Structures are given as structure tokens and as C-alpha cells.
Amino acid sequence: SVHQLEEGVNPGPPSVEDVPNTTTMDTPNHLTVEAASETAAASTGRNQPKSGKSETGDDVNLKPLEVLRSRYFYFIWLMFVFNGQGIIFVSTLYKAYGQTFISDDTFMALAGSFGSAFNAVGRIFWGALADKFSFRVSCLIMSAAFTCSMLTLQLSELGGKPLFFVYVCLLFGSFSGSYALFPTATAKCFGRKYLPINYGLVFTSQVITAPLGVFLSQSLKSSLGWDGLFFLIAGFSFISLILAFLFNAKDKLGNEI
């Protein structure tokens, strides 16, 4: 102040409020500025919620055109395509395969009913797992479980009805995670504001999944046989596992999605 200068007192360095903020003008990407500011706020504890948990960065909301420019969108899209092959195969052909060594329609209906129940409960399980850990970890476990189940499905012929029943429940419970995990990944990666449209873009993968599944079940079954189809579907799921392993998306605070 003027009085301090007249009295010879050093006014000290200017306060933070006196320094003009030029970061937003010099930085081409405003998301980078937001990430840096929120990270700094988190480290000082100024923006910590009352519960003491750190923010997840879910407030990033990308528009559909921005989502299409993200490489993570294509990771999610391709994983949905490859996992979808297992969904189509199991839900449409489990009964046809079971009838090759089980001639009991009542049992098949019972197995399908329990499989549907595992499909419903499995979505809750996989959603809870994603909340506790991450989408990546949950997708790795789901893909690995489905791959192993498909590779060993032919063993159900040795165990008859009981073992086939167990495999049907395992398969339905495994692939049910797709309908819980991929909406979660879409919301965490691209935000919740445009989630209906963005998840609609992800769901366009089923345009390929359904025709390809019909082709595999009708055209290749006679040439590959059941065992060949099992290994083929397991291969699709294994590709999804690899994509999940390479999926390294993180939120603005560096937490794994």
C-alpha cells in the first residue's frame, strides 16, 4: 500500500488473487486445465466431499461426435461385438446342443429357466464388481470365465444332466455382465449427460453381432461341428479379454475406469 511504501515496509510478494490467470488462454485443451485444477484441489482437500471420498471425475461429458473421436469408444465397441457372439450362441443354441445327448424337453425348459435367473442376478453381481474394482478388472474376469466355460462345455456330455445344468447357469451368468459393464464403461469414460446417445452408439455393435451369430450357427455348424463352434466362440471371448487387458482409460484423477 502507499502507507507501507512511505514507511519503507516491504509489501511482500503479490497474492494469488493479484496474479492474472493466463492458463486458460495458453492451454489449447480446456479439459487439461480442468483436470489439473481438480487434481490440485483434490491434493489440498478443498474439493473433497463430506464423506471423505475423492471425486471420480465423472463430470466430464463428451458429446457424441467427441466420443467417436475417442479410441476408448472403439475398445468398448469391439469388446461388445466379440462378447455378443457368445450371447447369441448360448441363448439360441444351448438347447440344440443339449438335445444331442439329453432327450428331455422338460429338463431343457428347467435349465433355461434357471439360466435366465442367473442372467438377471449376474447383472447385479457384475455391476457390483465394477463398482468395487473397475470396469477393466470386471471385464477381464467375465471374459476369462466365459472363455473357460466354452472351452470345456463338451465335458458336460460326460456328466449328463447335472453337469449340463451347471454349465448353462455358468454361461448365462457370465455373459450377463455385458449388459451391466458396458453401460458403466460408457458413463465413466464419456460422462452421464449424453449417456443415452453415447450408449446407443456403443450398442450399434449389435448390428454386426446378430447377423454374424446367425451365420456362425447356420453355416459353420455343419463344417466345424459343435466342438469347433465352442472353440470359435471361446476365441471371440478371448479377443475381448485381450482388449480389456489393453484398455487403460482413467478418469481425471488417475483412477482406473
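Any Cβ shown, glycine's included, is placed from N, Cα and C.
TrEMBL does not curate its annotations; it predicts them automatically.
Among the features that TrEMBL reports, region 'Disordered' is placed at 1-57.
What TrEMBL records for 20-30 is compositional bias 'Polar residues'.
Under the heading compositional bias 'Low complexity', TrEMBL lists 34-44.
Residues or ranges marked as transmembrane segment in TrEMBL: 72-94 (among others).
Residues or ranges marked as transmembrane segment by TrEMBL: 106-126 (among others). Taking Cβ pairs closer than 8 Å, the transmembrane segment (106-126) reaches residues 94-95, 98-99, 138, 142, 161, 164-165, 168-177, 179-181 in its own chain, all 6 or more past its ends.
The transmembrane segment annotation in TrEMBL covers 133-152 (among others).
Look at TrEMBL and you will find 164-182 (among others) tagged as transmembrane segment.
As annotated by TrEMBL, transmembrane segment applies to 194-216 (among others).
Look at TrEMBL and you will find 228-247 (among others) tagged as transmembrane segment.
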Annotated stretches the transmembrane segment (133-152) and the transmembrane segment (72-94) touching (3 or more Cβ pairs under 8 Å): yes
